[in-house]
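Engineer: One structure, pasted below without further comment.
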């Protein structure tokens, strides 16, 4: 891991060298891009990586309003913040999680899950607060009908577009981190599942101009996942802390039901009654029956799959608890039986013991 004290040096560009110094290498690339802003010949290229592109300025009664469209140049911006998230990941790992790990002395499997929950806990907290702030300032929570009215929502405010670009950058950075963090092989499929699901849903909301609905759903999802990772961190510090999992279970089911309700309300009914029906790529209008059905089907399948995994997890947990209680009762009953036998033997007279031995 970068930023750590290196007890051993490795050959340049070897596998161990890249893993150990990947954050330093990425930090050097970020510095090169920032230095490019200082020179006139490279400033136009460097600004592509740092600032969101495709800005459009319009006049309104309040004055000039700047909004943003999306295009292929967003890939450069996502790449820059992809580098930034790798650096922040290394900082959180080195200066927070590794210090806690040294005190807990966890096993390798628990250590991997602790690092995963620690990273995601920080990310979900920042993203849930950020998304809630955007929802409040944009007025989407106070006016739910704005989630589907005046579609397509192709002109985005700066904070909305920047939020989506950083979200894509974070979940893209999670893919190489599986290699950099040396995640165990049996853990990779599970992590790949939710990383790909996040990338699919966020990119679909961004490209189909469903950013308003996507913001609300991301806020609910991140808030629910924040509760789960906090519960798991508390469980690793002390296995008696299991009540937080019960609170997370309630929020998980509520999030699934709210997600399905919002999607059917906004996409199934709101967009279906909109006047601008039809596919128009120039205007960013994707309000067709086929696309609406695909979006609803994708969300329904994802939520059903998550609920199925949740039910299996709860059933397995319930069986384990019942097994532990049965073992504990059996152990207690055996202990009481042995104590009764000892008491009975202690109350027998020496003559009786002698007769029993004969």
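Numbers run from 1 along the shown chain.
Here the Cβ of each residue, glycine as well, is placed from N, Cα and C on the backbone.
Automatic, uncurated: that is what TrEMBL annotation is.
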Engineer: From the ranges 118-142, 143-167, grab the one TrEMBL calls transmembrane segment.
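Structural biologist: Within the set 118-142, 143-167, TrEMBL attaches transmembrane segment to 118-142.
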Engineer: TrEMBL tags one of 2-20, 21-39 as transmembrane segment - which one?
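Structural biologist: Result: 21-39 is the stretch TrEMBL calls transmembrane segment.
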Engineer: Excluding the flanking five residues on each side, which residues at least 6 beyond the ends of the transmembrane segment (21-39) place their CB within less than 8 Å of a CB in that stretch?
Structural biologist: 1-3, 45-47, 49-50, 80, 83-84, 86-87, 89-90, 176, 180
